[in-house]
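Input: a single structure, listed below in structure tokens.
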Amino acid sequence: MKDLLNLFNQQRQTLDFDAIKIALASPDLIRSWSYGEVKKPETINYRTFKPERDGLFCAAIFGPIKDYECLCGKYKRMKHRGVVCEKCGTEVTLAKVRRERMGHIDLASPVAHIWFLKSLPSRIGLMLDMTLRDIERVLYFEAYVVTEPGLTPLERRQLLTEEQYLTARQEYNDDFDAAMGAEAVYELLRTIDLQSEMTRLREEIASTGSETKLKRLTKRIKLIEAFLESGNRPEWMVMTVLPVLPPDLRPLVPLDGGRFATSDLNDLYRRVINRNNRLRRLLELNAPDIIVRNEKRMLQESVDALLDNGRRGRAITGTNKRPLKSLADMIKGKQGRFRQNLLGKRVDYSGRSVITVGPYLKLHQCGLPKKMALELFKPFVFAKLQRRGLATTIKAAKKLVEREEAEVWDILEEVIREHPVLLNRAPTLHRLGIQAFEPVLIEGKAIQLHPLVCTAFNADFDGDQMAVHVPLSLEAQLEARALMMSTNNILSPANGEPIIVPSQDVVLGLYYMSRALENKKGEGMVFANTSEVKRAYDNRVVELHAKVKVRITQVDVDTVDGKRTSGTSIVDTTVGRALLSEILPEGLPFQLANTEMTKKNISRLINSSYRLLGLKDTVVFADKLMYTGYAYATRAGVSIGIDDMLIPDEKKGILTEAEAEVLEIQEQYQSGLVTAGERYNKVVDIWSRTSERIAKAMMDTIGTEKVENAKGETIDQKSMNSLYIMADSGARGSQAQIRQLAGMRGLMARPDGSIIETPIKANFREGLNVQEYFNSTHGARKGLADTALKTANSGYLTRRLVDVAQDVVITEVDCGTTEGLIMTPIVEGGDVVEPLKERVLGRVVAEDVYLPGNDEEPIVTRNTLLDEAWVAKLEDASVQSVKVRSTISCESSFGVCARCYGRDLARGHQVNIGEAVGVIAAQSIGEPGTQLTMRTFHIGGAASRAAAVDNITVKTTGSVKFNNLKSVAHASGALVAVSRSGELSVLDGHGRERERYKLPYGATITAKDGDAVKAGQAVANWDPHNHPIVSEVAGFIRFIDFVDGVTVIEKTDELTGLASREITDPKRRGAQAKELRPIVRIVDAKGNDLTIPNTDLPAQYLLPPRSIVNLQDGAAVGVGDVVAKIPQEASKTRDITGGLPRVADLFEARKPKDPAILAERSGIISFGKDTKGKQRLIIKDTDGSEHEELIPKYRQIIVFEGEHVTKGETVVDGEPSPQDILRLLGVEPLAAYLVKEIQDVYRLQGVKINDKHIEVITRQMLRKVEITDQGNSKFLNGEQVERQRVIEENARLVTRNELPAKYDPVLLGITKASLATESFISAASFQETTRVLTEAAVRGTRDNLRGLKENVIVGRLIPAGTGLAYHAGRRKASGLTDSEMETLSGKPAVVEPVATVADAGADEE
């Protein structure tokens, strides 16, 4: 008996391992795996269905077909275990060994492994320092290669043609060896002395000067180093023994009708064996060379096809013209082993069905059809039936269940009680796509879903299906309940706002009951409490919308100690709102609900409830809100009819005015006063303005109605028009949609994004005519096509993001860094789009924050997690910028620390150790991807047709403050800006910044620093269509190189009669004017050159082409006067890439087409001699050294001679390249740039994503550094290495007093970064599997299984969340004290108990 137990344990034993290493297999190793040589191409005997001896399915090699039974049937049963049958050679054992036992084929001639030959860069080629073309000529028998030159003048590795070879043989007899085919390559590789080759290369690197040679040498050195370190031998890249896959992994299945279905691999193996046997026979017969060569080449080709079909030449096809699936195809791609079987498995105990709405469910429940539940929980039901004695055996229990006896249902009820199930809706774009619920048994066949979780699942009830999964083990049930229960996921992990928010009908009901209307029955009554209101309402004494006074009892909960104090007050409210106050939880102030309940306000209400009262109360409250909303939506009876679409009376008049304007422009165009482009733009402008006017008139018509109030006066009030109610409450529809129903449809876009200038004047109520209908379908069709493409693109972006960030996990509490990002409010066009409080909420402060102007007592100390209370404090103290910790500057060696990450957005307290923040970040950015647009906006599209801004009008009252503004005082008393980066802020009474504006060069500023301004006051203005050149000194103008008709053209304005000069384009000037450069110089009365104040540069201004000078030679100019102006037309026609493509471009760190050119250093600008198509820009820095930049003539240079620029400032207009920002400004500005640009795209679509998610991805893009000076390290110059490796190596060198390596950060796009990860398993399962595995095998890479993906692939718990403790325990047990594991085991890495999750309002340290 003991033996038997041992036997079972033996079978269950798995290898325990800590890492996986991949390397080249030596012939001896392959033979050691093998259980015998496959000699025949036969598979099975088609009459007996038994495998042929020595064939591809041979039982003697691979093991028996039936458990414990040899092939001929001599030995059967367990007692003969381990016996080898002398008749048929089969070992008596389990049949499943056919899945693991390998065979081998001894190749009659060596064969080069195609991966190491053809996968670029060719490893064999690098090793031999030969080109791929040459090696292929040798391999495929087109040329000889010299393997051993002996004393002859021939070179080793020299190629010889047939004739050259014969000549050489005659000349030198047998003094040299040359051969062709894989033998030759094998011989060359075998004879390489790696060590001496290495020394030779290092010497060569030291002496070489050429860049390209250096690159090639570094590559070779790296390869040879890899071979030396990994213990691989170069000749193993050429195979002499071929391993054969176990037969059960390439099955052969008999179909009915005597045919067989077989894996393609069998065909490929058969081909190899046939050719190999034929070659062997030919060699024994000493066949002619040419025949043998041909056979060898065919063998090479068949092995190539087996390993990677189609990599070289045409793919070998089967009977049906379809390429055969080779070993490489088995593992790569979406259907390959990695993505199909290892990362995505099908699971047992699951089912799927259509979903319907369950409005009576509680938030933590879902309705599960009885039939499904019975099937899913079968084993549990069986067990319980047995335990109760209702069935004696499992079989009997099965019968009971099949008959569906009455007691079965009772037991099912018990089994299901408090056993959560997981519901999942595909596509699962973020973690809220799978949530746990407690099942409630229902009749019918559809799953019932709680309406409030629909937003998270993105589900609707038009036929969506959902899958149900049953967590079986106790641990799984615990995790489902504590972490995945729908009640624990009230906040969205993307932005920390509630995601359990009522929508549609519920909003409509709540909005309806909370509206206030004039002069309704019972207005002005006073009630003692809410129950009195309810009685009055039920008895129809008051109407729902009547304005009344009610005495309301409020409970105030202290956020610190939770003390409750109650007080009463009489409140002006309405009957509906008083009824609503009954469902408010204790401690939520009534004024939050005493307003119109639009969707925004409801969201705010739920948010406040969560922050003030915690999880439990909020969940109950959300459910009550839903029930109430549904009830009153039913009572409201809101529905829309065609008469609700009121068309404004003014529409006709507005249209007539617009048509007259368009006609006028048409006439101007015909008389040549405006160009075609201007006409188009102006017409489009007129129509978009008209559209807005009609929309406004329509909203006034629909949104207001005239009523009599209680005093009998007629007043306006918000109307109860059904259409308006729906849009205003946020239940359904928007102003833009109503405008199409009742205003005018307006301008339509063509499929390329440009705008059709004839608008659609009708609306849907009036109906469209044929032309209008056609115009509107034209652009709409593109929209539908886009939607389909968008989903795929968005999914691919998410996949890349998850892959790059999958191993970012919180591994420690604090890494101790003092670095961070400085946060300021985000301002766009003067408006604060994101105030400071929103940006720093949930972040940890990196250094103490003081009151502005007071450095004694910090308001917030370092390492404080800023929650709502702290943020309010900062705002009261009117702090303008805060340095916060960020994952970008986190110094944890693996993963990131909790302090640098800050608050867990979905829970509202500091993030736990083990949280997989990388994946959460990827999901938060990828999930809204489908909402982004796909199109590229062309300027001239309505989307971007904002009228040009030409002044700054402040919106708030306060005082003016200038930031880094350089200005000169004009004679008129105003200031003129002469810097580009100047900004003007308006501060309120507390010194808080309320608005901020950019001041363009040449702006006239009418306010001074510190002036008081009133709201609506204009403080600066400029000409938006011209870029001025402003004089910084007073004097007289002198023209230089102004040659009429050559460099300038005189023009006289027809209307004003004034003369002006326009500078011509240098391309059109002809040869004699090549050296001429038109300059305006300013001189004093005596004609001496003046200099720019505080510099020794002459006051002169180089005039770019197309600039216009209105002054005459010798005219007097004052300080701040405009000398010349450049029309701003051409530089503005850049297309704006928007939406998803823009986000992808930023994450892939692609260089823009015409990137902005940034100043390489700080200094003074001057212009040197131009070359043919380029201008020469020189920056002279403080120590006098100069830096030159050649800039194409067509680019817009936005700096002037003599201007001071700082390093990294834009000197040529364009889109900055992220690589430049990193190189010139560093990591923090790059992070700020990426965050800002990506947020801009999402903000345009109204999607909120927290900055920290983008920062996590940016951190991963900056993982690698480039070595600039190797010092005494093991790295090479120019090598890209993981940052952490360099830091560790440098720390090691410093302790030994050796020179550390110097490095620069490198920015990689997310695809590159994923492929460059340290784990080859993770990279191979992402993209370019062949390349990754080839590279890894050559280096003998070891994968330490640290990321999430690798652990999923090898079938372990992931090292995140609850799995972190398991991994820490494993490492401890195996005696591996990894540095990061010490930090982990020191701190408890367990999931918080449920209790703390529930009351996690406080900041837990």
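Keep in mind that glycine also has a Cβ here, set from the backbone N, Cα and C atoms.
Feature list (source: Swiss-Prot):
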type: BINDING; residues: Cys70, Cys72, Cys85, Cys88; note: Zn(2+) 1 binding site
type: BINDING; residues: Asp460, Asp462, Asp464; note: Mg(2+) binding site
type: BINDING; residues: Cys815, Cys890, Cys897, Cys900; note: Zn(2+) 2 binding site
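Where Swiss-Prot records a feature, it is marked here on the structure.
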| residue | record | DSSP (3 states) |
| --- | --- | --- |
| Cys70 | Zn(2+) 1 binding site | coil |
| Cys85 | Zn(2+) 1 binding site | coil |
| Asp460 | Mg(2+) binding site | coil |
| Cys815 | Zn(2+) 2 binding site | coil |
| Cys890 | Zn(2+) 2 binding site | coil |
| Cys897 | Zn(2+) 2 binding site | strand |
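Here the binding-site residues are Cys72, Cys85, Cys88, Cys815, Cys900, and the one ringed by the most other CB atoms within 10 angstroms is Cys900. Taking the binding-site residues Asp460, Asp462, Asp464 in turn, the residue surrounded by the fewest other Cβ atoms inside 10 Å of its Cβ turns out to be Asp462.
Taking the mean position of the Cβ atoms of Cys815, Cys890, Cys897, Cys900 as the Zn(2+) 2 site, the remaining residues of that chain whose Cβ falls within 8 Å of it are Glu812, Asp814, Thr817, Arg885, Thr887, Ser889, Glu891, Ser892, Val896, Ala898, Arg899, Tyr901. The record gives Asp460, Asp462, Asp464 for Mg(2+). Within 8 Å of the mean position of their Cβ atoms, the other Cβ atoms in that chain belong to Ile355, Ala459, Phe461, Gly463. Across the fold, the C-alpha of Asp460 (Mg(2+) binding site) and the C-alpha of Cys890 (Zn(2+) 2 binding site) stand 41 Å from each other. Cβ proximity to the Zn(2+) 1 site centre (mean Cβ of Cys70, Cys72, Cys85, Cys88, cutoff 8 Å) flags the following additional same-chain residues: Ala59, Leu71, Gly73, Lys74, Tyr75, Glu86, Lys87, Gly89, Thr90. Sequence-distant neighbours of Cys890 (Zn(2+) 2 binding site) (same chain, six or more apart, CB under 8 Å from its CB) are Cys815, Thr817, Val896, Cys897, Cys900, Tyr901, Arg1259, listed in sequence order.
Counting only residues at least six positions away in the same chain, the Cβ atoms of Ala59, Pro64, Lys76, Val83, Cys85, Lys87, Cys88, Thr90, Glu91, Val92 sit under 8 Å from the Cβ of Cys70 (Zn(2+) 1 binding site). Straight-line distance linking the Cα atoms of Asp464 (Mg(2+) binding site) and Cys72 (Zn(2+) 1 binding site), rounded to a whole number, equals 56 Å. Taking all protein chains in view, 23 other C-beta atoms sit within 10 angstroms of the C-beta of Cys897 (Zn(2+) 2 binding site).
Reported as a whole number, the C-alpha separation between Asp462 (Mg(2+) binding site) and Cys72 (Zn(2+) 1 binding site) equals 61 Å.
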